[in-house]
Each structure stands twice: as structure tokens, then as C-alpha cells.
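Participant: Sharing a structure below in C-alpha cells format, with a few things to ask.
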């Protein structure tokens, strides 16, 4: 067996034994204390329960590891720290997967005999849209086989219930193998399959309806025609966070007589329907753009109007009550864009009549209607498109354009904008030197400036609202046009949205139940809650603030999928982002209602309460403290002491102290979490903190099943061990930026370092009784003791700020380095026997402190070490290490010694001379600066006088001020002075005022003298002569003068003396 496997297997063996110990002690199972014990502080945190349509992967682990590390740390700080973990099964994906497998088995048999031929190009094209989200499009059977499920078992997954039975159970096993400190008695799955959780969600929605937070109405929503229902974020393969985008469709009437291609429409009202976001600019229309090679159709609406547009737009409109039947539409005829060129149009509000249809090759048929109205005064793209046609006769001839369709039309002034005048697009194109519609970069800059300045600073100079701001006029003009019949309101998705069933979604106007997010009073409470919460990163807070500004009505029900039925209208199922907002409250009582090994809630828990007994009044008592009448209590059938026990669990554990999640959930789930808490619970029960993290990359590449760059949590643990994975996740990073899980780090660094620590513990404890005892007399002893104290304090601070990479760096890597330096200093770095040269108290304190401080991140390894030191005890009941005040002088002295020895080594390696051993430098003259030279004193004085401590800046003319302060006899030293000033200046910008204090907190000569033998031994010197920089011979005068406080100078030489 290779060494790497042996080391890994050692960690796996320790992992199994530690987890067996924790399970036997039930160490993570915590109940709310009563009586005096209730004064013990608590900590409860949660992670968004994962959606269980597959195995957990390292991306899940990266996020919940933050929760796990926090739980371990808070336990060490003396709190009852609770980490519950449930499994989400609500919504479309599981049901869709089960249905897909069922269809495959019905069509191809069991096991299926799939055809070998390639899928049709149309099917492949449709699926390619979801490839980025789901990986290579596969049959459901193949996906389950790839997941490692036995082919003989796969047929069971044609039932959605099998997914709910299998994957949550496997997820529980994987999280347990990870070493998570989870109270599994509180775990559960969602949906109506679990009658206990089902009753909880029914109570929540009944309450929200009673306080008018749930409403019913006609609303635009993202919709999957294939699924026949709304498609929320978690129902999507791509397009999460995308919502409806409202356009105004301008009805540009085609003037008769119609050309031959439109002759079948004679006698009908025919319009080219142009989608715009700027209805206030319609006064300036000069033409209409179409894509010459684009495909268009003529579609008759239920009011008799005929709209010419793309099929894609017609498909969207079919779900917005434009056609007689919901979702049904058909074209009266189809045409190419080039067949429409030259059509005369009557454009609403336009000064020109008629205007003409012209070609533009940049028109998109995947956005809007494929018909674009042209306003060259205020749209740079339109201006350059029109100018190109006007200026280039050949271009007109290419499309057989008549001059009268193009040349007479000039931009119409409609809006006055500061700095851009009343022809903003014309001016912006001049500014950015845009000479052609092909100049995409210049047009983008011009468009950004015109649109931004036009909306916020523009003034209408035409029409009824002349003299009014664009911001004021915009919606009023739109309303007028809609009411007059010159325009209609149309919605489509902001970007492409693909459902998990592979359907391209539309925007539908449907009756639906919705949560009234964004309502003024409710939003104000959400903003108040956010203001009081710790978010750990300004980016997270800004994300919430931005979401609260735009988030509004949210469709909260579906007609298909798994979940809880809406209590008062059971034809609807509550969707997955709406039944997952306050379940953290359910964690507080789940262990009493369901109990261990009962994820589905198939039997009553320890209190023997039946789901039917959990009435709304019962839940209101447990979670809100609303007293029950005797009649309600009697009707519930629940004993009063059981009710009080449930209430005590909730009031002890709530509010939630911390929620950890990926940053992608800020625009939906996490904001919903805030909204629902402030609607339901009193202020003292509002959540206290939220921490968002970025996504995890694997070896600096996006995690992807398609490319094979994908690791399940189970595989990672089996391949590397839980502690090696946990260490690598902690080392990956703590910001909202994406982090990197490096397989090289986990295999080469994590496993090696952890097993090296185990070897040190074994070897050190084996010779413990032979180690030195008594007072800490050696400099190395005292310095290492202070480094230990410092590590305890800094690791404590890092854990408290949830900066786990920093905590790992301090309590593991830096402390290991400090131990290594200590061992070298005392001669304990050579053999196991030499370990006895360490001080016994220091070694045991180091080993215990490192095990405890590292235990939130690597609990199995630390449990093993702690058990060696404290047989019969568990590190899970340990407390954070005590520390004594840090001796900063000793810390700085130790760093000074380390730096001096490093500089000596580098200098010795660079020495040139005879190859004969007797001629190689073997002695050092070292010069220390015991008092600042005059030029340094003056420089430091000027630096202090001119430093702005608040901004950590100096004036730009600092060099001149230093020069002016120097007396004439010192000005000749300016080549030496200015680098010194620059060094201190840069240090002050980074460290603040302490960098301007050059007083050392240690005695250089004392540190060097006390460690002289160490320096001589490590450098192979026969002599080390320490001198004052003012006490020098002629040969070293310049060298001695270069010495600074804390930075001695030295010279190697050859000597025969010892």
C-alpha cells in the first residue's frame, strides 16, 4: 500500500472511531434546558436544507461547513450549540424526474433498450439551452446509473416517493460521515408526505392569509407551457432570478393598399407591433426596423386586430389573453422580413406620417417582437442605422430602397438633456466618434449615456407633457397610448428561462395566489430587520438592499408538483420557495413531534402527538405564545405539560442566531426568509445574522457533471477523509467571491499535515515524562508561550468573525511553524528522543490548545489527540483554551531573531570565496543600532507631524518637507534618508500610527546574546561578535552606519579563534 493511501486510511480509521464515540454519547443531541440551566447561552444556526433529487456534493459541503465550523466554535465558547439539518423535497424537479423515468420505462422497457440513433436536431437544439445548467442532456435512467444506483433498483424511482425515501436517507449518511454536529432527531423531509411538517406549513399560510399577506389576483408570472404552471427559481434549469419584463407594444398601422404578400389580410386592421421600453419617445419615430432575413407571421387577436411579429412573441402573447384561447395561437400567414420593406405605416404620436419599414441587420428576433420602432433623436443605434442608409447609396440599392422612404427623414427633437441638447443620440455619436452601426463598442457607450441622462435628467419638449421631466411623463404617456388603443402592454422574460423539464418559459397573465412582497409596510419591517442583522460582508447587505427595492408580488402556488396543498384552496400546491421560509422554527420542536429515524413523520414522536392534533391554535401557542382556551386545549387532545415543553423548546432556541447560504439565494430565498419572519414573529424573534458565500470551484474550474469536474461529498470523504476535505474547504476562502477546492491541497497538503500532527502527538506523548519541567527559563520557552497566547486570541477573533481561513492559518499553520522554530531552538528537532528537550508544560499546552482550536474544522483528528491526553473524555465537551496576556515584546523579539537568522543564512549562501573549507567565512561581526541617528530622528518627527491617522495618508510633498527639515550637514545623506522615509511611510499606510513608533519592545542585544549559541549552531559559526553601531573599526564604518533599530547589519569573515 502506498504511503498516501496509508495516511488517508489512518484518517478514515480515526474518523470512524470518533463518530462511533459521538454517536454512543449522543453528544450532538440537545434539549432546551429548564430551571437554572436555562441561563446557559444558546446558539442555533441553519443552512438552506438541500433539495434532494440527488446526492450531496462538495458545493453543498462548502456552504454548510461554515455552519458546522460555527457550531463547533460556539460549543467551545460554552454555549448550547444546535445545528439541525433537514431535507427539501417540495416542487417540480423530483416529480419531473420520476415522470421522465416512468415514460422511459413505458417506452423502452425495464431495463430499457434505448435506440442507438442520435436525437433529432430539433430536440438536441432545445436541450442545448439547458446544457450549461444540467450538463450533457441524458435520459433519467442514465443519470441514476451514473449516480451509482443499482440497475435492479432504478425502476422504483418512477415513483416520486422513492426519491423522498432514498436520497434524504443517503444525504443524512453523508453529512454524518462528514462529521457534522447535527442533532438528527430534528431532521425531516418536506411535502404532504410528512404530515407534521405539512400541518406547520398549513398554519403558516393560514396565518399569512389572515393578516392579508397572501392575496389572489391576475398577475404576470414566468410560466412553463409544457408544465402548465408557473416556473419559480427552483423549478428552473437556467434563468434563476429572471422575472417578467414589461414592454409597451406600439401599434403601427399598415396603410392600404396592402402589398401582395399581405393581400390575404385585406379588410383587416393590420399592425406591425413594435416592443419598446421608451413610449415617451414615440413622437420622434422616423421609420420602423425589421430583420430582412427574419421570419414573421400575421396573427389575429381576439379583438380582430392583426399583429405582424415573430412566432416567439406570438407564443408569449398567447398566455397573456391576447388570443381567444389561453396558450393557443396560429398565424394567418408567414412572411420574410424583406417582404415588409417599404410598407407605409401610421405610427402613433409620430410627427411624420407615414413612416416606412426599413431593414436593419442587427434586429434581434429573440427579444421583443422582432419589430423595432426607430427614434434616431434619442437612440444611437437608430441614428446610425438611419444615417448609414442615408449616406450609403449602395446600401440602399442592396435592399431596393426608395429615396423617399429614407432621405427625407431627419431626427426629431423631442427631449432636452443637459450636455447633450435636444438631439442626444446625434450628440453622443459625435462624442464617441461613432461613424457606423458596426461600431458596437462606441454605440454601447453612447446608448448608456443617452438613456441614463435622458431618464433622470431629460425634459420633454413636445406633446402634452412638454416641460415635464421624462421620469414624470413616461408612464403617463404609456397609459394614454394604451387607453386610446394605440398600444398594448406586453410582457416577456428578461432573459431566456428554461424549466427543469426542458421547456422555454413565457410570461403568462393568470389568476394566482401570491405573497404581497414589496407592500410598503411589510417592506419597511423587512428593512428594519436587515438593519439590525449582522451580514459579515457589505456585498451581502447591498444585495439584500437591492432586492428589497425591486422584489414584489411572488406567485406562491403551483398546480403540479410535491408540497403542501393550500389549506383554503387545495387545487393549489405551495411552491418550494414559499414553504421554506420559517422552517428553522420547526427545527426547535421537530425532535418532540417526529423524533429520530423518522424523516417522513410516519409515526408520532416522543410526545405521542398525532399530526391531526396540531391545529392552528396549537401552533400559534407553540410559536407565538398565544394562549389556548380550555376548549381549544381540550379539542387538541395534547397534554398541557407537552404543550409547555414544546413552547419552552421554541422560546429557548429562537431567534435564529445564524443562517449560512450561497450568495445566489439573496435575491429570493433569503429575502423571503426575512419577509416571512417579520410578518409572523415579534421583533425579539427576528433572525440575528446571515452569512453568504460564493460558489465553490474545483481546481479553479466551474463544477460541472458534463466535464467531469464534479465531486460528490460521499466520494470526497472516501477518497480523502472527512478532515482533509474539511480543512480544504476551510482553506478555500470566506468571502462572497467564488472559492477554490483544490484536489492537490486536499491530497498533498491536508492529509500530510494532519497525519504529521498525529505522529507528533504520538511521539511527544510517548516521551512526555522525560521532558523538561520547572520555570520557563529559556528565551525559546517564553517566546513560544507568548506565541501560544497570541494564537489563542487571534484564532478566537477569526472564528468569531467567521473567517475560517484565517482561523486555520493561525491555529494550525502558524502554530505549527512556531512549534518547529521552538523545537529547533531547544534542540528537539532531530529524533524522537530529542523531543524530551521541550518543556513538558509547553508541549502539553500546545498539543491540547491546537487540538481544541482546530477541532471545529478537523474534529476527528482533534478528537483522537484529545482522547490520548484525556482518556474517557470527548473534545466535544471541551472549552476554548485559556490564555494569558500576550507579551508583545517577546513576540516581536522572536520575530526579530527569526528575521536575523534568515538574513544571515541568505547572506552566507551568497558569500563568494575559496572552495577550501578553511577559507570559508565562519564568523560574523554584527552591529545593532541602540539609538536612532539624528537623520532618522528628524525623519520620524516629520513623518509623525504630517500623518493623517484617520485616512492613513501623508501630504503629496512629504519628500520636500523631509528635505527642508534636514540641517545642511545631513543633506548629503538624502540617498539613504529617502528610502528610509519611503519604507516607514508605506508601513504607516498599512499599519497606522504604531508604524511611526520606532521604539522597540525588546532589547536587541539581550535577545541576540541569549540566543548566541543557537545562532552559532544554526549558521555553523565559530564566532559571533555583537557590537554597537557606534563602536566600530574602520573596516565596518559604513556598514555599522546602516544599522537601524530592529535591523542590524553584519559582516562575515574568516577566523581561527572559537
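Placed from the backbone N, Cα and C atoms, the Cβ positions cover glycine too.
Heads up, here are the entries from TrEMBL:
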- 19-100: domain 'Aminoacyl-tRNA synthetase class Ia' (DOMAIN)
- 658-748: domain 'Methionyl/Leucyl tRNA synthetase' (DOMAIN)
- 781-912: domain 'Methionyl/Valyl/Leucyl/Isoleucyl-tRNA synthetase anticodon-binding' (DOMAIN)
- 930-1000: domain 'Leucine--tRNA ligase RagD-binding' (DOMAIN)
Participant: Counting Cβ pairs under 8 Å to the domain 'Methionyl/Valyl/Leucyl/Isoleucyl-tRNA synthetase anticodon-binding' (781-912), which of 19-100, 658-748, 930-1000 comes out on top?
Facilitator: 19-100
Participant: Mean pLDDT, the domain 'Leucine--tRNA ligase RagD-binding' (930-1000)?
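Facilitator: Taking every residue of the domain 'Leucine--tRNA ligase RagD-binding' (930-1000) together, the mean pLDDT is 89.
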Participant: Give me the DSSP three-state residue breakdown of the domain 'Methionyl/Valyl/Leucyl/Isoleucyl-tRNA synthetase anticodon-binding' (781-912), ordered helix, strand, coil.
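Facilitator: Output for the domain 'Methionyl/Valyl/Leucyl/Isoleucyl-tRNA synthetase anticodon-binding' (781-912) reads 99 helix, 1 strand, 32 coil.
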Participant: Mind tallying the domain 'Leucine--tRNA ligase RagD-binding' (930-1000) by DSSP state, helix then strand then coil?
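Facilitator: DSSP classes over the domain 'Leucine--tRNA ligase RagD-binding' (930-1000) add up to 48 helix, 2 strand, 21 coil.
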Participant: From the DSSP assignment alone, can you count helix, strand and coil residues within the domain 'Methionyl/Leucyl tRNA synthetase' (658-748)?
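Facilitator: Tallied per class, the domain 'Methionyl/Leucyl tRNA synthetase' (658-748) gives 46 helix, 21 strand, 24 coil.
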